[in-house]
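*Asks:* Would you mind keeping the following structure in view while I ask a few things?
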Amino acid sequence: MLLKRGNKAWSGGGWWFYYLCMRLTGGDAKPLVLRFGQTFDRMLGFLKKPVVVTAEINMNLMALTVMGLISRLWGLSYPRAVVFDEVYYGQFVSLYMKRIFFVDDSGPPFGNMLLALGGYLGGFDGNFLWNRIGAEYSINVPVWSLRLLPALAGALCVPLAYQILIELQFSHCAALGAALLILLENSLITQSRFMLLESILIFFILLAVLSYLKFYNLQRHSSFSGSWWFWLLLTGVACSCAVGVKYMGLFTYMLLLAIAGLHFWHMIGDQNFSNVSLMCHFLARALALVIIPMAMYLSFFYVHLTLLYRSGPHDQIMTSAFQASLEGGLARITQGQPLEVAYGSQITLRNVLGKPMQCWLHSHTNTYPIRYENGRGSSHQQQVTCYPFKDVNNWWIVKDPGMQQLVVSNPPRPVRHGHIVQLVHGITTRYLNTHDVAAPLSPHSQEVSCYIDYNISMPAQNLWRVEILNRESDTDVWKTILSEVRFVHVNTSAVLKLSGASLPEWGYRQLEVVGEKLSKGYHQSMVWNVEEHRYGKSQEQKEREVELHSPTQMDISKNLSFMAKFTELQWKILTLKNEDTEHKYSSSALDWITMDTNIAYWLHPTSGAQIHLLGNIVTWASANVAALVYTCLSLWYLVRRRRKIYDIPEGAWQPWVSAGGICVGGWAVNYLPFFLMEKTLFLYHYLPALTFQILLIPIVLQHLSDHLCRSLLLKSMFSALLVAWFSSVYLVYSTFSPVTYGEPALSVTELKDLRWKDSWNILIRKQ
């Protein structure tokens, strides 16, 4: 059925639609029908044409990415043996797999978690003994998976270098040169092919720089757009990831904050921005570059502490409260202890300092010698020491000086801040005492003893005032594990302190405890906390000894908040220092610039195959020259501009200055701080700084070609020199590839030929 209305023909379905429109519009449906018809026609017209999506693909970028992946991923499982610092990071990966707590004093946990992610994706069960370099990996270790993320990060640094120079407004040719130099840098290849963190660190550093440059370039015409927000937020995320991998990332983060601050300072002087607009820009930068990185940094530790919930070998350096929050270990001992210390409580007291080792207040039946080796006399009282092992002689009873009972009353009477107590040694029942007698090894301090009544005019001085240092009020109760307590001697005002000195043989080499008379300020050696605690029930000595030998029985639980655990762990990471010993391959920061040092990463057990951290010497020398040329030219231009002489146009001057801020600034902040560090340094510490310096090479070369080679002849000669120079870069890369990838194995003669510097340690097997 067709209905004609004017020049329009309607089918049956159209008629019903027309009828419905008439009813809805009260009779005149023509305008509504016409509008619908026009819309329907446009839709049909759209459907008659194919849907086409066009995209611009930068083939340079694609090719560089592919070459980067090939150079880093090729033969990634070789060698199937522990390579240099894999012995260090592998232990942490195993502990992650087993959920066992550890402390890495070299930095935050994010980098270790990424390595552990590779192990998790590969199905690693954590069962491998990372005990020596060169140890063959067992079949259960997914070597390729463990090395994958560092290799991917190293590969992606190649296209990132390309894009950074594009954003700095240099030519595609210069950007291509920077990417190829990163691609052919032997040291960066070596470092990114193993389970190490430097390639991941450099990736996040370059990502942060690129993101900020893209954000800044969008600032001019697309403020607060989606892309603007994306790149600004990515800058903060990348900075936090860099810091989370290694604290070295903090150097680049501070550089970008300084550059962002400088750019915002220029915005303040721009009258085109209103006060409201400036405030919005400031808040956006504060959110993306400060608040989000801080939140992400906390999240790294949150995930770290969530994953590692089991007790492990590193527990002993943490406080009792931290240890008790872990599954197993101290938690098994302390679980269910009474929370509030009361008169009659049986306790062990752990010194908070934990140096030179963790130890507990201890006494035994032996007395101090009548005279020491230097002729000084002692009180000949019972010895009090700090003992680094759990022992029944570590137990003390908190006694009310006004009462004789050594059991907890019903209900218990809690000890509060400022209360006076006596501490009775559980096994010998002698009272903790100090007096005006010089300590054995610290004559400026008072001796601490357990009082023996010799009836020779030496009265007991055994009253101690309990001071809770981390109290919230002056009426706080002394709590198990949580309270940090100082004991102040009532008679002499001396403070019970661990001196840290080791007693002679007569003291069984245990640690000296003294009464510190000149106690100015807070020090952890004066602070103690209750670790094990029970309510005493036995008044008779023999029954009490049986009680002291038995485990605690009561049942309560106490969890430590995340922020408390984070604060303690962060403090340990920053302050815990391993004993630095001279390493065979350690070096000074001065050795890095000229690459006078190398590191042997791996040696095949039978053949001459080996892997070295050794850079492309042509690239390293060129980077140094480029930095020198840039500095000299910039100073020359600045002096000339001061005299109103402009050697290069303003359009070229701004990219030149920006490149210096990023590249020279990045090199300086990642290199110069090592001169102030008191730690064992290695060549790989220089790689982030080197990366920034390499980016400067094509920048300087393009500048020389564009602005100093003014004639066609000079440009031709310069181009020929560039071809020869880059050919030498590739030749050096190819020459040292056998010790970059570890294959093929070289003969003794070939290895000796690679020793271009006398300071290089190329390994030669004895025939």
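Backbone N, Cα and C atoms are what each Cβ position is placed from, and that goes for glycine too.
Bear in mind that the values here come from a model prediction, so they are computed numbers and not experimental data.
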*Asks:* For the feature transmembrane segment as recorded in TrEMBL, pick the matching range from 81-99, 651-669.
*Replies:* 651-669
*Asks:* For the transmembrane segment (196-216) against the transmembrane segment (617-639), do we get 3 or more Cβ-Cβ pairs below 8 Å once near-sequence pairs (under 6 apart) are dropped?
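*Replies:* Counting Cβ pairs under 8 Å, fewer than 3, so no.
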*Asks:* Who are the chain neighbours of the transmembrane segment (282-303) in space, where the CB to CB distance is under 8 Å and they lie at least 6 residues beyond its ends?
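*Replies:* Answer is 108-110, 113, 224, 229, 232-233, 235-237, 239-241, 243-244, 253, 256-257, 260, 264, 562, 566, 569-570.
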*Asks:* Grab the pLDDT values for the domain 'MIR' (412-469) and give me their mean, rounded.
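*Replies:* Mean model confidence (pLDDT) across the domain 'MIR' (412-469) is 90.
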*Asks:* Per the 3+ Cβ pairs under 8 Å rule, pairs at least 6 apart in sequence, do the transmembrane segment (110-130) and the transmembrane segment (228-261) touch?
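*Replies:* As far as Cβ distances go (cut-off 8 Å, pairs 6 or more apart), the transmembrane segment (110-130) and the transmembrane segment (228-261) touch.
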*Asks:* Can you work out whether the transmembrane segment (617-639) touches the transmembrane segment (51-74), with the criterion being 3+ CB pairs under 8 Å where the paired residues are 6 or more apart along the chain?
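*Replies:* Contact between the transmembrane segment (51-74) and the transmembrane segment (617-639): absent, because fewer than 3 Cβ pairs are under 8 Å.
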*Asks:* Cβ under 8 Å to the transmembrane segment (51-74), counting only same-chain residues 6 or more beyond its ends: which ones?
*Replies:* 148, 151-152, 154-159, 162-163, 172, 175-176, 179-180, 183, 189, 192-193, 741
*Asks:* On the DSSP side of things, how many residues of the domain 'MIR' (338-401) fall into helix, strand and coil, could you say?
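*Replies:* Going by DSSP assignments, the domain 'MIR' (338-401) contains 3 helix, 30 strand, 31 coil.
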